[in-house]
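According to TrEMBL, the features are:
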type: DOMAIN; residues: 1-31; note: domain 'V(D)J recombination-activating protein 1 DNA-binding'
type: DOMAIN; residues: 32-101; note: domain 'V(D)J recombination-activating protein 1 pre-RNase H'
type: DOMAIN; residues: 109-240; note: domain 'V(D)J recombination-activating protein 1 RNase H'
type: DOMAIN; residues: 242-304; note: domain 'V(D)J recombination-activating protein 1 ZnC2'
type: DOMAIN; residues: 306-401; note: domain 'V(D)J recombination-activating protein 1 ZnH2'
Amino acid sequence: TVKATSGRQIFQPLHTLRAAEKELLPGFHQFEWQPALKNVSESYNVGIINGLSGWTSSLDDSPADTITRRFRYDVALVAALKDLEEDIMEGLRDTGMEDSAWTLGFRGMIKECCDGMGDVSEKHGGGPAVPEKAVRFSFTVMSVSIQAEDEQEEVTIFTEPKPNSELSCKPLCLMFVDESDHETLTAVLGPIVAERNAMKESRLILSMGGMPRSFRFHFRGTGYDEKMVREMEGLEASGSTYICTLCDSTRAEAAQNMVLHSITRSHDENLERYEIWRTNPFSESVDELRDRVKGVSAKPFLETQPTLDALHCDIGNATEFYKIFQDEIGEVYKNPNPSREERRSWRAALDKQLRKKMKLKPVMRMNGNYARRLMTMEATEVVCELVPSEERREVLRELMRL
């Protein structure tokens, strides 16, 4: 029996009590997909699963049960949405929408990230024989918006305030794989890709604020660095003559023309090109064929949005500014052909100043944290102390503001 609020006791059949009890367990969320997801089981109370579930064959070179762990994509998405339930309901109320009237038309924007985690080898290994690199695939719920049946405009009711924080980034799959190993990576991410494709075609029915609501999802693979974009989109690696993940320019073309490039690549186009590479319909030589497919020689398997990730953007900018700072300290505009010794002394002066005033240790190779500290007005002011002419200091500040 259950006690009603009035204090009377009400008989309930056992299965409804069980269901009610389950709802109270942490991490348990009931949901359904309409239509049901293709090739994905309908059970919703699954936790961490073997990352190779969804594949029948095993990977023979390392024990398959140690190589990867993951959540099922739809279950992880539901858990992430339920974590945001209060924020989403508050957003609904803030827009003046009566929250009980809105059950349809919710849209979630999901940012996906995938990156290598470097060397994770055991120093005194006694564990199972697994590759000593790891890769993590994760996602962030960037926003939730709602669109009325008759309205054109969609209204955003939730936006992730810290989209780049590790706190908003939900791990989906961890794998012992080297990110350069295209075959193994494809095998492990295959089931995730299948689930993601199935979710694009379906609607999620999930209880929010005590009412079933219907969600559709859009996936944006913008959290991949260039190496990973090339990997996922089947492009040749970074040493290729085709240098860009956005367009078809070669090294020679890019060196001639650094400004006008149109974005020409898309996932579908890369798929078509791979087919041409595989079948060689015009019976061309390898060089002619390569020129035709512009360096697409593996099967693209995960649709990305080819972008320059923010980290490498920061690093690229900072590398450039680090050189500019040195040139300004040495007044290169007065002396266009400095000797190596002079350049070295300017660099030493810059490093010393940054270490003293900003506690920035010199780095062999520009990294993200250093780059972000260097690209600040504070760093510019510190460097300006070493720049002789006031006029040049002002220009430098102006450049950093831009």
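Heads up, residue numbers simply count up from 1 along the chain you see.
Backbone N, Cα and C atoms are what each Cβ position is placed from, and that goes for glycine too.
Counting Cβ pairs closer than 8 Å to the domain 'V(D)J recombination-activating protein 1 pre-RNase H' (32-101), the top stretch among 109-240, 242-304, 306-401 is 109-240. Residues of the domain 'V(D)J recombination-activating protein 1 RNase H' (109-240) grouped by DSSP class, helix first, strand second and coil last, total 26 helix, 59 strand, 47 coil. In the domain 'V(D)J recombination-activating protein 1 ZnC2' (242-304), helix, strand and coil residues by DSSP number 27 helix, 3 strand, 33 coil.
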